[in-house]
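Enquirer: Structure incoming, see below.
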């Protein structure tokens, strides 16, 4: 397609409007764009009259192109090498910075001047990464691209100065509000709930004179009180966040390039900083030098990924021994675009524009980690602020809304409709003769606004804080943390529990229990035999490593050499590093499995003595000699490859070995053919052991050197680096490995897991186990944990790769609803893709579902689908980073602080230390939280309903005049000082003893039906309010009159009866009295009595000193309360609730 007419002229302007210096630099290139470049830009709408470019355009001028060469900086450079002939110009690179507005910029980066035009513009096009050009309106206008779409080249001597405004600021800010957004944001959060919005409208209506009823303060003060309490709470929280941010932002770091210490917030990309032991890493850094000669440093990453084990980081070999001057002036760093993955980084460091070394995640120090090793390190800032891994993985926490709150919101809408209907009804009874009848309707709506009390949300929020405090201070579940205090009631409504296996049901305390070598196996009971084989290792070293040229066939080896080879490989093939803290040896590793293997080899006489980035030494404890190996390459384990490998050179024998271990599903394709691996893997899995396949391959020096050359080239690639590296590994290493053996690691069940699962199942909770482990291991653990009863049929679905097979399995499940389901990740993925609705319609009714070989995304998908399709509350529990997505997708996420770290715990709503603590959390705290909040909400509504009924009765008796019965302080005091404390004390009540909740877990099942707060119970409370409100108001008017002189007498007896009635009703609803409840009842009554003399504007105080007043008050209270108490006692006698039966049966 031809270019638009304006495009050619625009190109001409781009390349011809520069001064001579720029023209001389650019003229070395052939400026004819090839067809691919034209095709990529043919849809751009170009301005016909672009402004000419200036040599002195600033970085901040985002509306122009800029052609820059290294010579532009020659006046500022401190080293002439930056102007050498081989770096005169740099190929064009699209650049767009988040810190400025989004527009185009072209910048020169280093390139050979001999590059051909095609190469130049091919590179330019590769850097552009142009999205769909149909969305661009004109060249140079803002577009939706950012720094995340480009690589960055960093020069420590110039980047912090000339590019200081191009990258994100490093100032940390976790504050939710600022001076401008505080009030609007807070108001929105408060009034997005229907009942709060309703009361706001009522309060605002009092600004209209025709709608004003009584005192304005009657409606403004309660609302202002609620908002003030909320604002104070939010302000305090935000001030604390700002204080923490200020402390972090003002931490000082020594910047070598500036030769002074500056605050963390002022760090720029390209700064070289010195970090000491215990220092927080202030930005994403590339490690250039370490004070350790080996270049190694350890970091703590618990605040980043939740893992408590130290991570080994190594300085780039090219920069480890350079001087500070060389680091500043003679290196450049190319870094990949910012991304979220903390386990991936692509980059390279170049010295003197000629020698390059690849950079990987092993050379990085991510922000918010801590330097753990002694000494110091020198590192270069590559990402700051919102571009750091920590910031990109920090999302605004999702505000979860509990089911109870949604139910209350729904009931509030019904109440509003009732208020509107009642208002119209009263006006209709009066007749629509008045021209202002619509104003009367509005006045009635305002008079009855107490039906939806403004204090409801405040009471519920305060109650949630009480529940959180009770949970965190429960001594039976120590170290439990409530991270989301808005959903404690949902703990009492769980119907599905999705659990991880390793570290959740099991201890994640690994012990190597068995090794299998094909024809023989050794267990923990036969370690003496293994130790004897190891003892002969040094004497028989030459034979054991087989220096012959014949193939290493296991069938032709004696058992002694086979065992020794297996143990040497186990002792070498890992990422464990021994460290000494206070003269005590500890092992640091990312996985407990690896530590278990190292401890096993140590127990039989082959200890890990020393390890650094270049070598590993094993101590032969029987002889005291060391076996030294040079580490040539390490291939770390990751969840995608499911294996790890290492290339070493035996220094004594000068032999090269590639050793590898991994999951059987992967290693079976890599090791040489055999007839026993699959069978023995299944046998070990049935014993509940986690298996690893061990293999190795001998390399000759020539093959290794060829591999090393191609692998280095692949590692320097900035495009598809991982894929290229994997291809080289597969080509040279990962085929026909000698199968040495199989290891079985035991992970014991946690304390009381069996009884806890049984309790939860009896409570009506369906338990699913989602794990990444093997089918047989999952089956064995499920049986031992009593997820599957012995003798119960288990329907297994594995390796379903076609939709037809999935459909057949689905038909079988439909007629076998009592079977337990065991399904692997491949089959689960097929069902999720093709038969999601049909599959979950069946499996949600099965007693148990075990899904194995699950990916983290599949775990999250299962949680989401169950929530969506059943509408039930789903709880997910796990302990590892692979459980985070599942936990975050649940209605209630529970994280266990485990040996793999705190990542799941930090992401969860509730954090516990053991699985068995979940029973206490759900059966006791969940039950209490739900029942208390349900009763509290209904009492608050009853408190508003009864006063509205009194108002309605008064209006009817007043010939349908919309006149306020209670005004001013009476309205404010009734909902606060006179009733709030006793009603709120219901949050301390419980209907059954704690021990009985575990003896009778079936009580929990009733909660899932939502009977404590439903339209049925709400209707009962409405009838109760209607009866009591009518009695109080009618009899108050009977003992007085509606004449103006008697109005204050009537209000005095009516309001007093209202307050006392509420106090008595609270007392009748309490199941278990405590000191706090008694004090609130008595104190509130005394406060009301003391305040009466100050209410002369509302009450006839003289009438309140007569016998007639107290006689009438007593009669009203008896008629209002006694029938209610009697009806309640009779109903409980005829239809006792389950908790009452249990309590009565348990009471001696």
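All residue numbers here begin at 1 and follow the chain in the order shown.
Just so it is clear, glycine is given a Cβ too, placed from its N, Cα and C backbone atoms.
Just so you know, TrEMBL annotations never went through curation; they're auto-generated.
It should be emphasised that the depicted structure is a prediction, and the values quoted were computed from it without experimental measurement.
According to TrEMBL, the protein has these features:
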COMPBIAS  12-22  compositional bias 'Polar residues'
COMPBIAS  69-82  compositional bias 'Basic and acidic residues'
DOMAIN    260-360  domain 'P-type ATPase A'
BINDING   500, 502, 879, 883  Mg(2+) binding site
BINDING   500, 501, 502, 594, 637, 661, 690, 771, 772, 773, 853, 859, 882, 883  ATP binding site
DOMAIN    906-1136  domain 'P-type ATPase C-terminal'
TRANSMEM  936-956  transmembrane segment
TRANSMEM  1018-1039  transmembrane segment
TRANSMEM  1051-1071  transmembrane segment
TRANSMEM  1078-1095  transmembrane segment
TRANSMEM  1107-1125  transmembrane segment
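Describe the structural context of these features.
Expert: A 10 Å cutoff on Cβ-Cβ distances gives residue 879 (Mg(2+) binding site) a total of 32 other Cβ atoms nearby, all chains included.
Secondary structure from DSSP puts residue 882 (ATP binding site) in a helix.
For the transmembrane segment (936-956), same-chain residues at least 6 beyond its ends with a Cβ under 8 Å from one of its own Cβ atoms are 404, 408, 411, 415, 419, 422, 426, 429, 444, 447-448, 450-453, 455-456, 459-460, 463, 962-966, 974-975, 979, 983-984, 986-987, 1013, 1017-1018, 1021-1022, 1024-1026, 1028-1030, 1032-1034, 1037, 1054, 1058, 1061-1062, 1065-1066, 1069.
Within the same chain, residues 935, 939, 942-943, 946-947, 950, 965-966, 970, 974, 978-979, 982-983, 985-986, 989-991, 1028, 1032-1033, 1036-1037, 1039-1040, 1077, 1081, 1084-1085, 1088, 1098-1101, 1103-1104, 1109, 1112-1113, 1116-1117, 1120-1121, 1124-1125, 1128 sit at least 6 positions outside the transmembrane segment (1051-1071) and bring their C-beta atoms closer than 8 Å to a C-beta of that stretch.
Long-range contacts of the transmembrane segment (1078-1095) within the same chain, counting only residues at least 6 positions beyond its ends with a Cβ under 8 Å from a Cβ of the stretch, are 969-970, 973, 977-979, 981-982, 984-985, 1056, 1059-1060, 1063, 1066-1067, 1101, 1104.
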Enquirer: Which one is it, among the binding-site residues 637, 690, 772, 853, that lies nearest to residue 879 (Mg(2+) binding site) by Cα separation?
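Expert: Comparing Cα positions, the candidate nearest residue 879 (Mg(2+) binding site) turns out to be 772.
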Enquirer: Roughly how many Å lie between the Cα atoms of residue 500 (Mg(2+) binding site) and residue 772 (ATP binding site), rounded to a whole value?
Expert: 9
Enquirer: Quickly jot the same-chain residues contacting the transmembrane segment (1018-1039) by Cβ under 8 Å, restricted to those at least six beyond its ends, or write none.
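Expert: 411, 414, 938, 941-942, 945-950, 952-954, 957, 965, 1050, 1053-1054, 1057-1058, 1061, 1108, 1112, 1115-1116, 1119-1121, 1123-1124.
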Enquirer: Hey, of the binding-site residues listed (500, 883), which one tops the CB count within 10 A?
Expert: 883
Enquirer: Determine, to the nearest whole angstrom, how far the Cα atom of residue 690 (ATP binding site) is from the Cα atom of residue 502 (Mg(2+) binding site).
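Expert: Cα of residue 690 (ATP binding site) to Cα of residue 502 (Mg(2+) binding site) measures 10 Å after rounding.
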Enquirer: Hey, which of the binding-site residues 502, 882 is the loneliest by Cβ count within 10 Å?
Expert: 882
Enquirer: Go ahead and report the DSSP secondary structure tallies for the domain 'P-type ATPase A' (260-360): helix first, then strand, then coil.
Expert: 9 helix, 41 strand, 51 coil
Enquirer: Cα-Cα, whole number of Å: residue 772 (ATP binding site) versus residue 502 (Mg(2+) binding site)?
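Expert: With the alpha carbons as reference points, the distance is 9 Å.
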Enquirer: Distance check, please: Cα of residue 882 (ATP binding site) against Cα of residue 502 (Mg(2+) binding site), rounded to an integer number of angstrom.
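Expert: The separation of the Cα atoms works out to 11 Å.
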